Amino acid sequence: MTFEEIVPIFIGMLGMMMLYVGLQSFFLRDKAYLFYFLYILAWIFFFLFHNTNVYHLFGENTPLSQFFFIFHRVGFPMFSYIAYFWFSDALMDLHKEFPVFWKYAGFAQKLLWVYIIFMLIISAFSIDLNYTFYFEIIHTFVRISLAIVATIGIVNVYQKRNRLGHLYVTGSALLIFFGVMAMVFSFFMKQDLKYFWEAPLFYQQIGIILELLFFSIALSYKNKRTEIQKISTEQMLNLEREQREIELLRIALEKQQVVEQERNRISKDMHDDLGSGLTKIAILSEVAKRQRGQTLDNQLSKISESARELVDNLNQIIWTLNPHNDNLESLSAYIREYASKFLDTFEIDSSFDFPVKIDSISLPEHTRRNIFLVTKESLNNIVKHAKATQVKIQLSVGKDDFSLQILDNGIGFDSSHTRKFGNGLKNMEKRMEEIGGKFEVSSLPCNGTLLKFTTFM
């Protein structure tokens, strides 16, 4: 198989690689892929011109054929080297990581541009330039200069000792090695080549294929590393966000603790100061009742009753403020104690159907307060309007809610005519709505009343 017969296979391989790189460049918007694409494209045109001898279509030794010959021998390969430097910088950040070497690379790129433009201008005036001695000398000098600069770069990058650098170095070293081999073989090239391995450019092709293989691996490795860095960055951002959330939660808990401490302080102060003062008023009123006449007794009784009522209200406020009572177990115990004492005062029998054991279910202060207030208002309504002799209070705890039912055996009322109890029922309904609960009433004349308060957890 001759060298001309193997070139189409080589061009096909480069074409497939160029198509893949072009698509990667389009989707990833990475300059490294763009410069890699230009690098491959330049070599494809070089070998395409070499195999077809396009410049002979414009005559033998004409200025136009000479121009395309120079484009083939100088333009394409030298531009491929320029694209090589662009690609190397985009892949390895040479201008940042190796500024001294990048100065040499910048000089080499300028030399290549000058060489390309100079040879194209010369070709417009020179007719017999093909394979002349001077042309080969200049061409060899430029290639050796490039090999030296590339070697300096290889040494610098290799000293960095990272995987991406080693892949880049290996690919570049293989191209230089086989390029030098091709250059040396060109000095001893036979005029009549029978086999493809006798052609110097065949070794150049080997170097290009091996170099592109390692460059492709390097690009894949860089993409993988970039993706890992991106994931790591996202994880760091997520971690920072979680830490901020934890910090905000810690601050919120600290504020909550401050609020609870303030509630405890207010509760204690109210108990110590106002409670003792009101209790003192009640005691003094009782003493005055035993020392004065009937008229004063009535007034003092009112004072005593009001003072005791204030003491009860104060105890309720203290109970509400105390954060240790923010649970269902405490609420049920308090309702049971309050209802029993309150109904006993009016000689109304009370019974309670509460769970033997209530799980520790946390309740916000405003929820606990509203449930107690609707219970208190319900009992007041029973005493004032129901004429009941028995009251049953039942607590039911479900998975997602709990309900408190208050049933009396009083006179009841027509639930379709609630004007008489309108404000009280509306207040209870409003309080339950404030905590996201539900209020239900069921009553018939002479058949008692059932009030049900449901709270969702």
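Each residue's number is its place along the chain shown, starting with 1.
Quick reminder: no glycine exception, Cβ is built from N, Cα and C everywhere.
Heads up, TrEMBL stuff is auto-annotated, nobody curated it.
Feature annotations, courtesy of TrEMBL:
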type     : residues : note
DOMAIN   : 9-221    : domain '7TM-DISM receptor extracellular'
DOMAIN   : 370-453  : domain 'Histidine kinase/HSP90-like ATPase'
TRANSMEM : 6-26     : transmembrane segment
TRANSMEM : 33-50    : transmembrane segment
TRANSMEM : 70-87    : transmembrane segment
TRANSMEM : 107-127  : transmembrane segment
TRANSMEM : 133-155  : transmembrane segment
TRANSMEM : 167-189  : transmembrane segment
TRANSMEM : 201-221  : transmembrane segment
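Distant neighbours of the transmembrane segment (107-127): 61-63, 66-67, 69-71, 74-75, 78-79, 81-82, 85, 138, 142, 145-146, 149; these residues of the same chain sit at least 6 beyond its ends, with a Cβ under 8 Å from one of its Cβ atoms. Here the transmembrane segment (6-26) has Cβ contacts under 8 Å with residues 33-34, 36-37, 40-41, 43-44, 47-48, 50-51, 196, 202, 205, 208-209, 212, 216, 219 of the same chain, all six or more residues outside its ends.
The stretch from 133-155, 167-189, 201-221 that makes the most Cβ contacts under 8 Å with the transmembrane segment (33-50) is 201-221. DSSP assignment over the domain 'Histidine kinase/HSP90-like ATPase' (370-453) gives 30 helix, 27 strand, 27 coil.
This prediction places the mean pLDDT of the domain 'Histidine kinase/HSP90-like ATPase' (370-453) at 88.
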